[in-house]
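These notes concern the structure reproduced below.
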Amino acid sequence: MNPYALSILLSSLAVGTLTTLSSSHWFLAWVGLEINTMAMIPLMTKMHHPRSTESATKYFLTQATASALILFSTITNAWATGEWTITTMNDNTSTFMLTIALAIKLGIAPFHLWLPDVMQGLNLTTCLILATWQKLAPMSLMIMTNHQLNTNMLITMAVLSTVIGGWGGLNQTQIRKMMAYSSIAHLGWMTLVLSFSPNLTTLNLMIYLMLTSSMFLMMKTLNSTNINKLSMSWLKAPLLASSMMITLMALGGLPPTSGFLPKWLILQEMTKQHLGTVSTLMAMSALLSLFFYLRLSYAISLTTTPNTSNSNMTWRMTHSQMQILPTMITLTTMMLPITPTLLAMLN
């Protein structure tokens, strides 16, 4: 892609998200979401492949439906209450429609079916943007309106997301689809605690962004998109492959990695709210996700071919965009000791 066109599209992505993050009026927030969607579609179609065209079409249709529903819900709310401010969604019908629209935008179950198919047709860089940056604007709207959303509906969607996110990733061989189901499961954890502690949702979002970014950057460095390619990564870059194993354990939520932190705090909050059954269901569904992360770790470390590889060992990172990777890996593994500091910052 032309560097000038690429810079315009990336700037538009940044402007769209920042517009939504900084707005207090529904119309301006909707404009930001639209700019975001319009900038994302050319990035998806730059591969000139039927799969990428299919992904862009599916993405456009789902995001257009969600945007129309957001606009309809806000107009209905303005009609009923006379208010366009984001924090004053007082009409029940409008709030219900807004929750569904934001769930479609994010890919929360049961509105998740577009996400794995769309991510499978994209290259790893565009997948990284879709799984991280594109979650910021809709999730910020959910956090801003958390006190008006239906708690029972959010809990139901959260449990569905974690179960489907774990179950759907079990039989996958493509890592991009696995990361899509991982995203659905993590969004379930964020949605669960949204009504009770928005600060924990923000913390979970930050840690999810770090873990997913480091995972996609490592996949891009190793050029691995399926399990067969991943099994050769130890021969190419042993240190990076072992770092990927730790990142996968963090995504699964194993202590003492950073991924354990949000799950622990969310389960603690749910127990305080006397939601023991929901907490048990969430903890058990996290084991489903952990299984396919362990499967990937097994493929990296224990399925290396016995013969020598003809490829040179990539002992030096040549990509300038990979310079941030060591920092991301460190944060992935070592944030648990600074839990009190993080909680104090959020509160």
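Note that Cβ sites are derived from N, Cα and C of the backbone, with glycine treated the same way.
Keep in mind that TrEMBL annotations are predicted by a computer and have not been checked by a curator.
The domain 'NADH:quinone oxidoreductase/Mrp antiporter transmembrane' annotation in TrEMBL covers 23-288.
The feature domain 'NADH dehydrogenase subunit 2 C-terminal' is assigned by TrEMBL to 290-342.
Sequence annotations record features per position, and here TrEMBL assigns transmembrane segment to 56-75 (among others).
Sequence-distant contacts of the transmembrane segment (95-115), counting only residues of its own chain at least 6 positions beyond either end whose CB sits under 8 Å from a CB of the stretch, comprise 33, 58-59, 62-63, 65-67, 69-70, 72-74, 76-77, 89, 135, 138-139, 141-142, 145, 148-150, 153-154, 157-158, 160-161, 163-165, 180, 183-184, 187-188, 191. Summarising the annotation, TrEMBL assigns transmembrane segment to 95-115 (among others).
A Cβ distance under 8 Å defines the sequence-distant neighbours of the transmembrane segment (149-167), meaning residues of its chain 6+ beyond its ends; these are 95-96, 98-99, 103, 108-110, 112, 142, 181-189, 191-192, 194-195, 275, 278, 281-282, 285-289, 291-292. Among the features that TrEMBL reports, transmembrane segment is placed at 149-167 (among others).
Among the features that TrEMBL reports, transmembrane segment is placed at 203-222 (among others). Nonlocal intrachain contacts for the transmembrane segment (203-222), taken as residues 6+ away from its ends with a CB within less than 8 angstroms of a stretch CB, comprise 124-125, 127-128, 131-132, 135-136, 139, 175, 179, 182-183, 186, 189-190, 193, 229-230, 233, 236-237, 240-241, 243-244, 247-248, 250-251, 258-259, 261-262, 265-266, 314, 317, 319, 321-322, 324-325, 328-329, 331-332, 335, 342-343, 346.
The annotation transmembrane segment is assigned in TrEMBL to 234-254 (among others).
Residues annotated as transmembrane segment in TrEMBL: 274-294 (among others).
Panel annotation: around the transmembrane segment (324-346), residues 199-200, 202-203, 207, 210-211, 213-214, 217-218, 221, 243, 246-247, 250, 255-261, 265, 317 of the same chain, lying at least six beyond its termini, place a Cβ under 8 Å from a Cβ of the stretch. If you look up TrEMBL, you'll see 324-346 (among others) marked as transmembrane segment.
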